[in-house]
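See structure below.
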Ligand SMILES: NC(=O)CC[C@H](N)C(=O)O
């Protein structure tokens, strides 16, 4: 694959942060205007999985890796049917993508899907700025006739904030669908789609699970209508403080004692279901090399993250909750943020990071086996 994108990057573009800092570069992907929350990801591979992760809905993703697009775009790696990021920021895009699986260039794909990006800016300076000042609203404006800086800044400051955003229903499936078990079917799982990544049902299917993916609006009756051996709550965009409906559905599942597993947004929902709060991190965790300790085994795993919020639970004691005793099972070794929860008296647990790990390390794949063990235990 040798499509050159040379020449497509001559259009000027400006990135405007809500605190007034401005970066000037060139258009990348679609030419136009976009707004979102500026966040940075430190993953050096897996840009297709990042772009198509529904949890990035309404976020403008800054890549800290300086060269992006080297392997083009293939048809196998997307995590969902479309690119979800609101905008894309790279320093030095590949001019000639090269990979045996590539079907087109990343620049072409962004243009095709109407995703506005910017290239040729100092992404290291931008990342340091976000790290010091925190994630904030941003606008990317590209084209040959751009508004003046004051006008652009005023528009950025009118864009909606991530805090308080209720976004799952915007990205989740509208209709239930089934992902069949690979090989012999052993279990049925109801998976509540709050912005699920394709790799998650796949990791379950590999373990003999038939996955019934349900819309974010599914009720407890919808969940139990599939006669599940276990219930799963997915990752997803937005502020977990707004997720009252999935919290109430999860509480019904906890009440019945059905084996339960949550990932990322699902972990935040378990936190809330147990009575803990959630809060916004200064700049979040996004990348594929975050060190997490499983406190139940003492082992450290290298993990994939994409979260801007976290659960506020004590990491040094067992908590009494309406569903029995709960404990923080995993912590991030960089900053001690809660990365997992489990109940001691019921078959329920969750992690804040991504054991499905696409892209990323596979250290945490054992968590899907733990879910299977809970379902086996319930049958025994
Ligand atoms: N990947 C996710 O599920 C993210 C959860 C939530 N939207 C957050 O930013 O923390």
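Just so you know, glycine gets a Cβ as well, placed from its N, Cα and C.
According to TrEMBL:
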type: ACT_SITE; residues: 264; note: active site, nucleophile
type: ACT_SITE; residues: 354; note: active site
type: ACT_SITE; residues: 356; note: active site
type: BINDING; residues: 55, 236, 238, 265, 268, 306, 308, 309; note: L-glutamine binding site
type: DOMAIN; residues: 11-141; note: domain 'Carbamoyl-phosphate synthase small subunit N-terminal'
type: REGION; residues: 1-185; note: region 'CPSase'
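Everything TrEMBL records as a feature, shown here on the structure.
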residue: 55; record: L-glutamine binding site; DSSP (3 states): helix
residue: 236; record: L-glutamine binding site; DSSP (3 states): coil
residue: 265; record: L-glutamine binding site; DSSP (3 states): helix
residue: 306; record: L-glutamine binding site; DSSP (3 states): strand
residue: 354; record: active site; DSSP (3 states): coil
Cα-Cα separation of residue 309 (L-glutamine binding site) and residue 264 (active site, nucleophile), in Å?
9
Mean of pLDDT values spanning the domain 'Carbamoyl-phosphate synthase small subunit N-terminal' (11-141):
97
Measure the Cβ-based neighbour count of residue 236 (L-glutamine binding site), defined as the other Cβ atoms within 10 Å of its Cβ.
31
Have a look at the active-site residues 264, 354, 356 and say which one has the shortest Cα distance to residue 236 (L-glutamine binding site).
264
Tell me, in order along the sequence, which recorded positions from 238, 264, 268, 306, 308 have their CA within 10 Å of residue 354 (active site).
264, 306
Counting only residues 6+ apart in the same chain, whose Cβ is under 8 Å from the Cβ of the residue listed as 'active site, nucleophile'?
55, 234, 235, 236, 306, 307, 351, 352, 353, 354
Tally of DSSP helical, extended and coil residues in the domain 'Carbamoyl-phosphate synthase small subunit N-terminal' (11-141):
26 helix, 50 strand, 55 coil
Could you check which of the recorded positions 264, 308, 354, 356 have their CB within less than 6 A of ligand 1?
264, 308
